[in-house]
Amino acid sequence: MPPPPPWLSVFPFCDSRLVRTQQTTFQIDIASDIVSSMVVGSLKLWTDLVVEGFQKSLRVGKFLCLLHAIDTYVCTPVLPYGPSMLPTLNSTGDLVLVERVSTWLGKVGRGDMVLLRSSEDPRKTLIKRIVGVEGDTVTYLVDPKYSDASRTCVVPWGNVWVQGDYIYNSRDSRTFGAVSYGLVEGKLFWRIWPLKSFGSLHGKAKEDS
């Protein structure tokens, strides 16, 4: 604290009041400095937190965009369900990879297992095998559970004929007809799970048949 001014000796009765005033002023200055330092420190802390949060959010956003792009245009994991692809795929418990590049390049054809959008319910996707492409003549059993009656048809242009490997319990082109090639979303190429079946799905039907 600074020393009292010399004129205080002339007015001794003011000495105590002025000293207390100076002390109070000095304390207020110190408190103001402390508050200012706290405010500045808090603002810097919050600014650093906001910047760090924004940077992390940006990295997460970029990662999610990358995942979305890969899932939409390159490759996506799928959990097949149902008996229609037995014995190639299990009814449940399989995890397979579907690549979309072949579809974009028009490299999907006979014998390929494909993921396609249902022509009956666009909210659903199906896994079937292409047994005929545009211009092919396809002969199929109408209801193999109960008879050997068969029919023959020609696959229209721009369409594919799809069937399940287990024809006794599969709803496929025999029921809803040929499917537009535009509904084919990708080709199954690799099984991830179960581990005992880990590997390529290419030509799997020939091995199982």
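Cβ coordinates come from backbone N, Cα and C, glycine included.
TrEMBL labels come from automatic prediction, so no person has curated them.
Note that the structure is a prediction, hence the values are computed from the model and not measured.
Taken from TrEMBL, the feature active site applies to Ser84 (among others). Its Cβ placed at the centre, Ser84 (active site) has 23 other Cβ atoms within 10 Å.
Per TrEMBL, the feature active site maps to Lys128 (among others). Lys128 (active site): 24 other CB atoms within 10 A of its CB, across all protein chains.
On the 0 to 100 pLDDT scale, the model's mean across the domain 'Peptidase S26' (63-140) is 90. Residues or ranges marked as domain 'Peptidase S26' by TrEMBL: 63-140 (among others).
Remote same-chain partners of the domain 'Peptidase S26' (151-193), defined as residues 6 or more beyond its termini with a Cβ less than 8 Å from a stretch Cβ, comprise 75-78, 83-89, 93-100, 102-103, 108, 112-120, 125-142, 144-145, 199-202, 205, 208. The feature domain 'Peptidase S26' is assigned by TrEMBL to 151-193 (among others).
Cα-Cα distance from Lys128 (active site) to Ser84 (active site): 8 Å (rounded to the nearest whole number). Here the domain 'Peptidase S26' (151-193) has, by DSSP, the following mix of helix, strand and coil residues: 10 helix, 21 strand, 12 coil.
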